């Protein structure tokens with residue numbers, strides 16, 4: 001009857017709690033929702049029946065704006081259910097006297113009647129309705145969740161709690177038969193101290209677990225377990241905090257007098273994400289010998305061999321101590337001393353296969369691009385060579401056509417008839433309307449020692465050899481540039497260590513000057529950059545030089561022993577041919593190149609070389625070989641040898657001898673005849689002789705050139721050392737046209753043309769005299 005009365009009171013209290021509205025005092029002063037709290041222990045009825053849960057008084061609500069929590073009910077004398085929170089501290093019973101009395105009463109009843117079970121079911125239903133009311137009053141937490149949450153039913157935990165109820169110790173049986181309490185575990189972020197409203201409330205986890213404390217038999221336990229499962233499935237949803245969640249936990253415990261003390265929330269800590277299990281199973285983290293993961297400490301720590309493969313230290317050490325002392329992966333020889341311990345926590349290979357593939361593609365593309373550029377350059381070079389060759393062949397065809405048209409006339413006329421024609425031409429018999437008039441004088445070197453001149457038509461400048469103007473600071477010899485456009489001299493360009501004996505400009509390469517010196521070298525100097533671009537060492541003093549007019553890349557250098565060295569400007573090391581002197585080994589005082597097929601009377605091309613004793617014509621063959629022809633000149637006394645390419649004439653100068661008391665300049669016409677085998681024999685025939693002064697101490701260079709009148713006549717200019725003048729002759733008539741006076745003996749003569757005006761320059765040791773044809 002006592003049990004039935006107790007059950008009836010419980011049911012009445014439950015119904016009363018459902019119908020009674022919450023008092024207005026429950027509202028929080030901060031605006032937060034008031035939570036239900038169990039009544040204190042002194043409200044329990046005299047029959048020992050609890051009054052179930054009543055609204056908590058207003059003073060229980062935290063004044064620091066912390067959300068009010070559900071407080072556990074005090075210890076009652078009804079052995080109904082046991083509510084626990086797994087993983088948290090157990091709320092101890094503060095009133096052992098009531099529990100002891102109920103324990104003694106409950107020891108006598110080991111079986112629960114059907115009415116008691118029905119009362120328990122009603123009681124649990126009331127708890128579920130209270131839980132629904134709490135959920136209705138609780139604000140939505142979907143927008144205030146701190147971290148990822150998950151729900152988990154703790155059915156197994158409640159069953160373990162029921163199973164352990166029958167095995168309690170004696171100290172556990174001293175507890176109250178009705179050991180029911182609530183513990184709401186919430187984790188919340190730190191709240192501001194200003195206000196508290198429904199938005200700041202952020203519950204994270206809440207557990208409500210009902211367990212049985214009865215010592216009944218197995219049937220009652222099973223029946224009671226079903227009731228608990230039904231209660232949990234209907235409303236007791238447990239929220240737990242996951243590993244990545246950052247939260248703080250509040251615990252509420254029950255003490256004497258019904259007061260509650262909330263535990264302060266622990267500081268929030270961010271825990272790093274644990275590595276996934278799949279990373280531990282990767283092949284790169286396991287030893288290939290034992291197929292287990294290596295460690296960063298201990299006897300199985302990460303180690304490597306000289307070949308680079310990774311193993312555990314214990315495994316590879318045991319492996320190498322055996323008979324097979326090779327790497328388990330690549331079979332390379334290894335020793336125990338080759339083991340190297342790697343101090344690394346983890347290893348992870350970066351996938352660079354795509355990057356390496358792109359690099360290889362880039363290298364391949366660059367290689368193909370370079371190959372294409374090289375092929376393009378080769379094609380351009382071949383095109384240039386073929387274009388030059390085609391131009392030369394076209395020019396030769398034109399010359400051969402002229403030769404064919406005049407062949408009959410040349411066969412009918414005797415040798416020397418052309419000289420008679422020149423002397424009898426009407427233009428040569430009449431007086432010249434124009435003369436050379438003195439224009440200007442330039443001082444080249446105060447110290448003297450100037451020797452030779454050359455004119456560059458592409459740059460419109462005249463270069464004169466001279467010693468260095470600052471011999472103490474920069475000794476040697478060079479050239480001074482004289483602009484013919486404004487008739488002003490410019491800078492000095494140093495070139496050689498000794499006196500310069502020959503200067504010549506290329507007809508194909510712009511501004512490239514060839515110079516020969518007594519310092520055993522020939523040099524190529526660019527006047528566009530004023531720098532020496534190539535130097536050749538001839539081994540002997542070089543007296544003269546010239547360019548090949550049929551092949552733009554070949555040059556000739558006349559040595560002191562009478563030999564001629566042939567150089568290819570594309571070969572920077574040494575000469576490609578050497579033409580040995582045929583007779584006397586005397587210095588080559590002059591070299592002049594006569595291009596092939598320049599005239600129908602003499603179609604062959606080659607270099608004319610004049611020494612102090614004789615002269616030779618080196619015929620150039622198609623394979624760039626040279627065949628010598630000794631010219632029939634007077635023996636001894638030759639000091640200069642000049643050519644005129646258009647008319648195929650040459651001018652040979654002799655010094656005075658016992659048979660001739662003055663300087664003689666003989667105009668020669670180049671000729672040829674065929675021998676029995678059909679090979680040509682080159683020779684020359686005298687046309688006119690021009691006489692000068694009786695003195696010849698200097699090797700004066702004379703000039704033979706076309707008349708500025710462009711009438712086909714040829715002019716000859718010779719130097720006269722005795723009179724300090726330059727004599728201008730008409731080659732057709734042999735008559736003297738002008739006597740150009742200077743202050744010193746003339747050393748070199750150079751005609752040139754600028755802006756359709758013809759000029760003549762004469763060089764002495766210190767000065768240059770400019771004359772204009774007017």
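Glycine residues also receive a Cβ, built from the backbone N, Cα and C atoms like all the rest.
Of the listed residues (29, 63, 247), Swiss-Prot tags 63 with phosphoserine; the rest carry no such note in the record, though that does not show they lack it. Per Swiss-Prot, the residue annotated phosphoserine among 46, 489, 683 is 46. Within the set 257-280, 281-304, the record from Swiss-Prot flags 257-280 under the feature region 'Disordered'. Swiss-Prot tags one of the stretches 73-94, 95-116, 117-138 as region 'Disordered', and that stretch is 95-116.
Within the chain carrying the zinc finger (287-331), a Cβ under 8 angstroms from the stretch's Cβ atoms is held by residues 280, 338-345, 347, all 6 or more beyond its ends. Broken down with DSSP, the zinc finger (287-331) shows 9 helix, 10 strand, 26 coil.
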